[in-house]
């Protein structure tokens, strides 16, 4: 009996030590300050060219600062792109951040120019919901075609621009039978991932959160395919989100996506869920779309909150927004897909309210000691306080939108996502996964 009591006491002390170590590690990391604010806005404003043109845009209703909400960010060299979804009062949806500063923050300039902001004849960009830059210096734009996020003005389409010349390379409409759920009549492209093997062999993955589908585009033959799975569906148990103590309700299906360059797994979650799923993209790269070639895997209820935007590092670290926590989490895909292998890399109740976009930028750095150039990875995160958008209760006298950044290696240092001795051991990394149709 004495031996058993001694064992229990020892185990209790050991557990306390482990808990203390985790708490100390998280405290030492200082999650509140692990990302730096690069840009911030009280409200979004534009470089109209003159005060007279700006006032004319306000008087005509073309510009209403209370209706401009950023939803995506990306960077190419010294250009930072900001996508603002189109509401009445949004003069331009696809923009670059200029060096000019207004009362709300840095002014935006339409990209490629103001002519592309003219959408009423469907020749320009209606609503750039998501953007992605590939390794061949192409900017891919997912235009939802929606006004006010509900009214279909033009057919949804994909566009690709040459960033070196700002010229349009390709524009293709998404066919109606692909863009819309045939049973419900619903559709809404909201997320974009680009896999560019070479300029003529590029695959684009599009999440349809309203129609609960994954749309795949192949630029080699301009073909589209629409895939459905119950893993794309929203979970009504988690339709209420809370950010900084403010609740709002959504019913979005598949939302944030990230493609691993290591395993070719596409990771995704419905916004209204606590789950993380993935599907291997090898069959799609070979144009094999038969259902028996597709296996959807994942873990249900692995998160303790809804997860939003996602991105993958070159070494297989998945980053994801954690809605309720106002945080960014991580998981190294070389580890088993379990909650205890996940960690937080940033958390700030003020600056990280609803991470709507995360991107990883490859920065070139010169090492004098090694006498060589190597690539560093840098993360950009966009927070847009979606709770304020849905509830329509912004205070435009305070900062509402932010772009933050941090070195990826610094973010994962001293976390469970850092490189481990098991980095190359993949035998049991998904040992608790479930096969899902």
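Cβ atoms are placed via backbone N, Cα and C, with glycine included.
Taken from Swiss-Prot, the feature N-linked glycosylation site applies to 78 (among others), supported by sequence analysis. DSSP assigns residue 78 (N-linked glycosylation site) to coil in the three-state reduction, placing it in neither a helix nor a strand.
Summarising the annotation, Swiss-Prot assigns N-linked glycosylation site to 164 (among others). Residue 164 (N-linked glycosylation site) has a Cβ environment of 10 other Cβ atoms inside 10 Å.
Per Swiss-Prot, N-linked glycosylation site is recorded for 181 (among others). Taking the Cβ of residue 181 (N-linked glycosylation site) as reference, residues of its chain lying under 8 Å away and at least six apart in sequence are, in sequence order, 187, 208, 210, 211, 212, 213.
Sequence-distant neighbours of residue 201 (N-linked glycosylation site): residues of the same chain at least 6 apart with a C-beta under 8 Å from its C-beta are 219, 220. Summarising the annotation, Swiss-Prot assigns N-linked glycosylation site to 201 (among others) and lists sequence analysis as the type of evidence.
Here Swiss-Prot flags 324 (among others) as N-linked glycosylation site, drawing on sequence analysis. Residue 324 (N-linked glycosylation site): 16 other CB atoms within 10 A of its CB, across all protein chains.
Per Swiss-Prot, the feature signal peptide maps to 1-20; the stated evidence is sequence analysis.
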Cβ neighbours of residue 78 (N-linked glycosylation site) where a neighbour is any other Cβ within 10 Å: 7
Integer Cα-Cα distance in angstrom, residue 78 (N-linked glycosylation site) to residue 164 (N-linked glycosylation site): 12
